[in-house]
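What follows is one structure encoded as structure tokens, with my remarks underneath.
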């Protein structure tokens, strides 16, 4: 079976710095795939290259067999993306953003209207009908971003830090939606540095460190008998494993 | 005092870190221009002291308005940096003020103000001595006026009414400055500064220092004390006002909360159009820009009425179009990283939608200005109409094109701090882009204008044709660039750095320092020589426009004018070619590092 997302030998250099150095990933169809790593490990760079938002210096990315760079129209129709911290059409309301994007995606207007209505209700954004996105809180921005990613019913979701700054109630809603998406045959790749969350949601995991893949596979393969957090610290952690304390803070 | 010193030191450090490469070249060039203006002002104190008052009024206007056009002024040290410290507003303002005196602009203004001292010494020792405190106080008032203006402006952009009012006032004042020749003519006709003007420039704060010095020369010590005290008092009041305004500096430009009509588009381009028209009408920064363009066009065309000349009136519309294009020159940059959505929907026709929206806002206003005003003065219909159509199409084509090719990374709208004018970190480039747009926009009107001058009405179909061609062709070019380089543009917006792979030219940063400076200087001077000093005066001569403005060639005896124009064009081309040659010389290839190494050690 073709992989939902197949990344081969992705490389990205920024000047002298090699941000991503030959990353290979295979996200099977129907899997819930977690990408964990420290800040600056190369998660966002990898995901950006995988969905066509950043041009790699080497390597390929295929979404259900469609090459993101050679066949972008087909590849991009199959994927829903939630990037971290990027702007939206800020002077539109949530519903207008969804209408706008649905039409850009080529959906019929009545389908767009119907799905927008449902997404806003499920994500509890319908209260803010008159609010422009620029006035949204960080959590609301994540939710409207997720709605734009889901709108065209993609078969793969690529989510960069989807739970950052999201309140626990909204997080529970999002988790339910994502689990339902996977249960319905969809595939998800998400990045996070919250290990407990990845353990709770994902069935596959890859540890990204210094631009490369330190470990990848099913959750049980990667963590073995340890918790994911212990295994993670072991893989990427500090030299002696002991966290340093600030002497002047304890009395 | 400690706070003030620390902030000043911080600013010195930041300036030192940012003086690299092209930026350093631009700053140096700007500094040299400023010094030239300052020396000119000092020269006035020797050759034409009666012009000193008007000159300082212009300096003051520059301080007040400059920041409005240079992206919200000097924000090297921002109040937000110190928010967690909990400083009392006065101390914060005093510290920021100290930092505000560190920089090139205050030094240049100080130099210009030494004209007061020169003027004073020529009147006597006492007047010379009075000039010292006067010029220092004057500088403090200038800097503070600038800060308060920016702060007031930031508040103004929170409601639609005040955004429009600010746009009107700014457009009017800039048009006044742009039409300075009217005052020059008035000056020569009246055989000196008209008494009204002389009174006004002494009544406004920029003239108080001059009043003090003049009064000292005349021995009227009461007036000296009053003028100096007034300056000091104004400085204190401005500082207090600024301190209060700093505490108000929260949040961003509020979006207008008008009616929310549902989006009824049914196609992708229709959706882009819907998004853009909403952004134009809801974003107060854009509202301000359009109002500014409108006010500029109207006042620029109306000011010559003061001289009894009404033939400028029909041009209000075309000038508005040109200004509106210049204001939209960085349209992709101001939307920031929202570009990612465009990249994920490759076939959606983003460029066409933006072009339509721009035309939708600009065309009705242009028509509403041009038709009645041309009818009113029975102006040159064929010429005006052909240029208007050519400019509409030219602007609609150039706006997306210039924006994707010259993209200046903007600050994402939701991350803009308390200063809504600041849409980019790189306001030098953004301003340069505006000028480029003005020059390119003029070029698109050239064919239609020439045909209309020669053959009258034949110009109108030519204008329509070039307009449609520009709209369609330049738009297609922009769309192609967006498809081909979308990820690079997004990266530039995300990080502020260009992500160019191996290409036909070296990256600017790859050049050795010496060549960076040369390329920076060439790239800056090339367009100046080519367009305003070469092509534009050439066009003026061909079309018989009777204005010399700042075109060197037109000030020379007539036999030297054409050679100068040709020389300027050649110079511009040569400068451009030189920088391209240098960039190609260091083209990225395996051995380029070695080449650079060699160049660093070469004897020349």
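Backbone N, Cα and C atoms are what each Cβ position is placed from, and that goes for glycine too.
Whatever TrEMBL says is automated annotation, not expert-curated.
According to TrEMBL, the transmembrane segment annotation covers B:55-73 (among others).
Nonlocal intrachain contacts for the transmembrane segment (B:94-119), taken as residues 6+ away from its ends with a CB within less than 8 angstroms of a stretch CB, comprise 3-8, 10-12, 15, 27, 30-31, 34-35, 37-39, 41-42, 44-46, 49, 52, 55-56, 59, 63, 66, 74, 76-77, 79, 82, 87, 127-128, 131-132, 134-135, 138-139, 142-144, 146-147, 209-210, 213, 239, 242, 246. Summarising the annotation, TrEMBL assigns transmembrane segment to B:94-119 (among others).
Look at TrEMBL and you will find B:125-157 (among others) tagged as transmembrane segment.
Look at TrEMBL and you will find B:164-187 (among others) tagged as transmembrane segment.
The transmembrane segment annotation in TrEMBL covers B:290-309 (among others).
Here TrEMBL flags B:315-344 (among others) as transmembrane segment.
Here TrEMBL flags B:356-377 (among others) as transmembrane segment. Sequence-distant contacts of the transmembrane segment (B:356-377) (same chain, at least 6 residues past either end, Cβ-Cβ under 8 Å): 269, 272-273, 276-277, 280, 290, 294, 297-298, 301, 310-311, 313-314, 316-318, 320-321, 324, 328, 331, 384-385, 388, 392, 395-396, 399, 471.
Residues or ranges marked as transmembrane segment by TrEMBL: B:383-408 (among others).
The transmembrane segment feature in TrEMBL is assigned to B:429-452 (among others).
Same-chain residues lying 6 or more positions outside the transmembrane segment (B:458-479) and placing a CB less than 8 Å from one of its CB atoms are 349-352, 355, 359, 382-383, 385-394, 396-398, 400-401, 403-405, 444-445, 447-452. Summarising the annotation, TrEMBL assigns transmembrane segment to B:458-479 (among others).
What TrEMBL records for B:517-540 (among others) is transmembrane segment.
Within the same chain, residues 505-506, 508, 511, 515, 518-519, 522-523, 525-531, 533-535, 537-538, 541, 552-554 sit at least 6 positions outside the transmembrane segment (B:560-583) and bring their C-beta atoms closer than 8 Å to a C-beta of that stretch. If you look up TrEMBL, you'll see B:560-583 (among others) marked as transmembrane segment.
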Exercise. In the same chain, which residue numbers or ranges, 6 or more beyond the ends of the transmembrane segment (B:315-344), come under 8 angstroms Cβ to Cβ?
Worked result: 279, 285, 289-290, 292-294, 296-298, 300-302, 350, 354, 358, 361-362, 365-367, 369-370, 373, 384, 387-388, 391-392, 394-395, 398-400, 402-404, 406-413, 415, 423-424, 430, 433-438, 441-442, 445, 482, 486-487, 489-490, 493-494
Seminar exercise, completed: Lying 6 or more residues past either end of the transmembrane segment (B:164-187) yet within Cβ distance under 8 Å of it, the residues of that chain are 54, 58, 61, 65, 68-69, 153, 156-157, 193-194, 197, 287-300, 303-304, 306-307, 547-549
Problem set entry | Intrachain residues whose Cβ lies under 8 Å of the transmembrane segment (B:429-452), provided they are six or more past its termini | 69-71, 318, 321-323, 325-327, 329-330, 333, 380, 382-383, 386-387, 389-391, 393-395, 397-399, 402, 406, 408, 423, 458-460, 462-463, 466-467, 470, 527, 531-532, 535-536, 539, 542-543
